[in-house]
């Protein structure tokens, strides 16, 4: 049932338009805000092309940053047209502005409520033309904001916005809105697209650095893989099941980073996300993340080191891992294949909360299990294994503290950057989590690297018994004299104590089997 639900979600996301530098408009409606009807048409960070220290020929060869209109048409219904036949021509306006110029949009008469469309009071003051969008020229960016108009002439049902290209000469985050001030156009339909381009390609400015980042991460995984597989092949006769699991995680990481790099490269070339590659990049990443969480959990439980099996906990571990995979896969598919404005805040939280809760469940269970395992190793004086687990615990504690600190930074950053003015550094937030998980994987690879002595870290049933207990187990049985007296030199109560000691270890063994 869960697999079928995930398949339906994936197909639905693959078939609908997603986040891209080519923004397509179809089936979208205008929202009534104040005295205006507004449709958000796009928002992207754009870098201005740099022609410094270049010749004229080189400058002409540099790809320009631009926004281009492509066959945008507005259609009004016949009922609306019949009701306004005798009125003046209606119009739709396209407003483009850089985020620093947001205060130049809108106005008010006599200190009243700010309006987007020019009111009669403002028109009387000569500040604007009634029915038009209110804006003032920018003092720092000459020629901006920009306003374009598509008019319905007479009884025409369709208004067309002429194709044009707007060059970007200042680096910033640009917003585009379709606006009309005529209530009779409330059922207006729009078709067409706009194309947003940076000098280096179609990747949005907030995402552009991630292409090089995933290229570097792919190289880092290759280096880690070469080291690991070399150690693996050199000591393949001594390989533990846990080391096979680590090999799986490294392989999945290689595929994930390579797929993300090719996904961003294709996106940069075409302006549209290659949804097939995106789907597999998300899936490989989710499988890797789930496998890593499960491996850290079973290592913390002492699987293969303190206990030979997980016993009755196996089904619980599988259930938690499967649920975590399903919740994470749906969240990642929606965020990477869905359009930016598809999810409201409440809908996004509905998907984020389950992943956060399951992630917290993993962390709590990991540290509880790790504390028990370290306690058992201390009690049995297994110093080599104890040293590894202490280093592993230190690495986990550091990673959790760093994660909590980074989450706090994310919350602070998003709460203080309402208008995305720090968009050029936004790529660091997702990149950080990839780097942190990679570093933790490197620590695990270092601690559990295959070697000729790997088997000394595996589970050994003989470690359940102390040397003194072994001696007591092989002690000769007491002999009887001819007259029936006990000739043993050891008092009977001592023998009883030894039997109880053996029974305690047997009970401990049964407890480990249940775990």
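Glycine too: its Cβ is placed from the backbone N, Cα and C atoms.
Cross-referencing 242-262, 452-472, 473-493 with TrEMBL places the feature transmembrane segment at 242-262. The range from 195-212, 213-230 that TrEMBL describes as transmembrane segment is residues 213-230. Checking the ranges 161-179, 313-331 against TrEMBL, the transmembrane segment annotation falls on 313-331.
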